[in-house]
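Database features (Swiss-Prot):
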type	residues	note
TRANSIT	1-98	transit peptide
REPEAT	193-227	repeat 'PPR 1'
REPEAT	229-261	repeat 'PPR 2'
REPEAT	262-292	repeat 'PPR 3'
REPEAT	296-330	repeat 'PPR 4'
REPEAT	331-365	repeat 'PPR 5'
REPEAT	366-400	repeat 'PPR 6'
REPEAT	401-435	repeat 'PPR 7'
REPEAT	436-470	repeat 'PPR 8'
REPEAT	471-505	repeat 'PPR 9'
REPEAT	506-540	repeat 'PPR 10'
Amino acid sequence: MAAAPWLYLSRRRSSTQTSLRRFLICSSSFDADEFISSQSRVIGGRGEEEVRFSGALFSRMIHSSTYHPYRQIPLPHSVQLLDASLGCRGFSSGSSNVSDGCDEEVESECDNDEETGVSCVESSTNPEEVERVCKVIDELFALDRNMEAVLDEMKLDLSHDLIVEVLERFRHARKPAFRFFCWAAERQGFAHDSRTYNSMMSILAKTRQFETMVSVLEEMGTKGLLTMETFTIAMKAFAAAKERKKAVGIFELMKKYKFKIGVETINCLLDSLGRAKLGKEAQVLFDKLKERFTPNMMTYTVLLNGWCRVRNLIEAARIWNDMIDHGLKPDIVAHNVMLEGLLRSMKKSDAIKLFHVMKSKGPCPNVRSYTIMIRDFCKQSSMETAIEYFDDMVDSGLQPDAAVYTCLITGFGTQKKLDTVYELLKEMQEKGHPPDGKTYNALIKLMANQKMPEHGTRIYNKMIQNEIEPSIHTFNMIMKSYFVARNYEMGRAVWDEMIKKGICPDDNSYTVLIRGLISEGKSREACRYLEEMLDKGMKTPLIDYNKFAADFHRGGQPEIFEELAQRAKFSGKFAAAEIFARWAQMTRRRCKQRFMED
């Protein structure tokens, strides 16, 4: 199938390779061969050239801009605005001015059964049963009534699938989730299995309830229900919280319960530390353990990634060369990690040189390699260069995927070239790579940034029509854009839609809603949602507490602050508790002063 006409306009050159070479071989403060050297080594019984990095040179690299003046890519014809093409009915709201129109042509082009975002549990559980249970938990937990007694009266046919689905619905609300989990454990004839335990472990890990998490892990150990996933959840949680010693301590628990600590387990921990920007700590751990196991390609790759994430290219180069010295040939994954590391460290010219070496000496760049480069060019608004790389990828026989197109869509959308965005979406369909969840989220973000929430809603509806499940991030973006535009009714309608779809609000969801309600002047309603957050054990939202408190202060209602202070203190939110307690005192003094004056 032929490419979209506008793409050909970017190919004004005798050869894609020739044009790219103009970008790849550019002037720099030092010679490319000095930066990246190749040495002949015998790998696997045959002589091959290996790329080596001169780590010392990283300390004196001078960033050389590779941007070239670019012109706007003309289109052969004008197109309608993107939102008109994706238009369909928005969220239900009495005052909504969202168009009910729908472009049938685009609808027919956007068939996509790929689901992203909220994870779905494959089970035979009746959705209505899940809904009933969640409704009871929602209504009775917040009111502090006997939730367990009502659940008992429901005479549920408990199954592991039901437990997992309910926990999934409350994955951001640890207190109701844990209370339901404990209630289920006490039901006669039911016992948790590894899957339900791991679901609860994930919730505790995400909310950093480490003491409870370890207790659950040990309980699993006594029942013989531990799996490698259990330990992985705990290791990743401690690493994400930068608790290196506790993460390493999971090894001791593995030994206690007779689990083998192999290279995969060590790689998992090193990777978790690296992703938490603890590259140095990952290296120290590796140096302590390297005599006890045989590192493989993945081991060096995760170490490389850890150093690249903290922008330490000298150590990254050392790991790279270490890998080669141990007889391992860096694969395409390692090369892509290094590409990202160079770009993250603002060494664009050096990333381009490495990319050129990959094309000439191997491993040949894959779609991920091109995506890394194109994404960076798009971030810098160097769209013509991004198109050059896109064309070269196609000419190399690689099929662009939704991720590459999403980068281009974001780049052109940021420049407000919505006609070009529309053409890209059209081409995605024609090439058999329809938009996925991330593409739709990128489009919604573009609309939100341009303060066009109604158009974001239309894109959301298109997403639903194409059977792509929205993520919590999708709803948060749309809800925030409506509140920013002071369309409070539609902002609340988005919240209602999210709850209706069974998506558990996270900390950001509550923060957006509470800020919107305060801005609307509905501090009492905002107070109700703040109490709900505290009751669920969620983080205290970052809001203007002084503005929030001033409304109640003027009304002379100190008991509201006292209640909030007590709830915050009980939930361990001591800073917020102090703020509420201070406002309670101020309000009481004011009330007393008024009484004396009267």
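Including glycine, each Cβ sits where the backbone N, Cα and C put it.
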DSSP-derived helix, strand and coil totals, residue by residue, for the repeat 'PPR 10' (506-540): 27 helix, 0 strand, 8 coil
The repeat 'PPR 7' (401-435), counted residue by residue under DSSP: helix, strand, coil: 26 helix, 0 strand, 9 coil
Folded-back contacts onto the repeat 'PPR 3' (262-292), same chain, C-beta under 8 angstroms, at least six residues removed: 228, 231-232, 235-236, 239-242, 244, 247-248, 250-251, 254, 298-299, 302-303, 305-310, 312, 315
Helix, strand and coil totals (DSSP H, G, I; E, B; other) for the repeat 'PPR 4' (296-330): 26 helix, 0 strand, 9 coil
Residue distribution over DSSP helix, strand and coil in the repeat 'PPR 2' (229-261): 25 helix, 0 strand, 8 coil
Mean of the pLDDT scores, which run from 0 to 100, over the repeat 'PPR 4' (296-330): 96
